[in-house]
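A.B. asks: Quick one: this structure, given as structure tokens, is what I'll be asking you about.
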Amino acid sequence: MWGYLSLLPMCLAFWAIAGIWTVFSLAVVNKAVNLTDGFPYISVCGNVPPQSCIFSQVLNIGAASAAWICILRYYQLRDWGVRKWHNQVILWTGLLCALGTSIVGNFQEKNQRATHLTGAFLAFFVGIVYFWLQLFLSWRMKNLPQPGAPWIGPLRLVLCSACFILEVAMVVLHSWSMRSVSAICEWVAAMLLFILFGLLAVDFSRLDSCTLCLQPGSGSLRPPPDSPTSLHVQL
């Protein structure tokens, strides 16, 4: 039986995918974008109200959920014996991805282009680095637990490769003024990133609790003993 924490990545993926396409639908209905002129970038769909308000809310909640997932993953990898420096690099790339997602949602492209593009870089390119680092870790440390079916690892490799190729294609095609094709690459890359976050549900399938513990001082009670199916996050 899967623990309830596995619902968090799945909910994030569903929330983000459904939310982004809702923004797209509203932009089309409200004529904020014209599909006859070409397929729009995600940011263009969320440029003006009311869809810009929904866009911000969707990405803010998604960013907060992603940050919490990255923190849980950090402590899970720590309990599996991953080196601290490697684990911290993975954590910070994930948190930067979450930060970039929030920046994209709150700084619309038409108002703060430079800030918006910085957030997009963090969300897309640093985000895919987060998953590449975890793939490298699972390949390098064969003794790490590998929850889920044997095909989960190859699936992640395919998704990471496709996402990275699409992100590079997005930038190159944009520079060649092939905006519509570039936008399609952006949409597909975003969906793949959401799916990669959703696949972390497999890694969280063995977790059934998460306990926050204060650092014990002299004479204070010690935190409860570790359990293989629980995380103890020290503050």
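Every residue gets a Cβ built from N, Cα and C, even glycine.
Just so it is clear, the model here is predicted, and its values are computed rather than measured.
Okay, these came from Swiss-Prot:
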{"type": "CARBOHYD", "residues": "N34", "note": "N-linked glycosylation site"}
{"type": "TOPO_DOM", "residues": "1-8", "note": "topological domain 'Cytoplasmic'"}
{"type": "TOPO_DOM", "residues": "30-51", "note": "topological domain 'Extracellular'"}
{"type": "TOPO_DOM", "residues": "73-88", "note": "topological domain 'Cytoplasmic'"}
{"type": "TOPO_DOM", "residues": "110-116", "note": "topological domain 'Extracellular'"}
{"type": "TOPO_DOM", "residues": "138-156", "note": "topological domain 'Cytoplasmic'"}
{"type": "TOPO_DOM", "residues": "202-235", "note": "topological domain 'Cytoplasmic'"}
{"type": "TRANSMEM", "residues": "9-29", "note": "transmembrane segment"}
{"type": "TRANSMEM", "residues": "52-72", "note": "transmembrane segment"}
{"type": "TRANSMEM", "residues": "89-109", "note": "transmembrane segment"}
{"type": "TRANSMEM", "residues": "117-137", "note": "transmembrane segment"}
{"type": "TRANSMEM", "residues": "157-177", "note": "transmembrane segment"}
{"type": "TRANSMEM", "residues": "181-201", "note": "transmembrane segment"}
A.B. asks: 10 Å Cβ neighbour count around N34 (N-linked glycosylation site)?
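C.D. replies: Looking across every protein chain shown, the total is 10.
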A.B. asks: Within the same chain, where does the topological domain 'Extracellular' (30-51) have neighbours whose Cβ lies under 8 angstroms from its own Cβ atoms, ignoring anything closer than 6 residues to its ends? I mean 6 or more beyond.
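C.D. replies: Cβ under 8 Å, 6 or more out: 20, 23-24, 104-105, 108-110, 116, 120, 179-184, 186-187, 190.
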A.B. asks: Let me know the DSSP-derived helix, strand or coil state of the residue listed as 'N-linked glycosylation site', please.
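C.D. replies: For the residue listed as 'N-linked glycosylation site' - judged by DSSP and reduced to three states - the answer is coil.
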A.B. asks: Treating G and I as helix alongside H, and B as strand alongside E, what does DSSP give for the topological domain 'Extracellular' (110-116) in helix, strand and coil?
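C.D. replies: So the counts come to 4 helix, 0 strand, 3 coil.
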A.B. asks: Please give the sequence-distant neighbours of the topological domain 'Extracellular' (110-116): residues at least 6 beyond its ends with Cβ less than 8 Å from one of its Cβ atoms.
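C.D. replies: Distant Cβ neighbours of the topological domain 'Extracellular' (110-116) are 43, 47-48, 103-104.
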A.B. asks: With DSSP as the reference, give the number of residues of the topological domain 'Cytoplasmic' (73-88) in helix, strand and coil.
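C.D. replies: Helix/strand/coil tally for the topological domain 'Cytoplasmic' (73-88): 12 helix, 0 strand, 4 coil.
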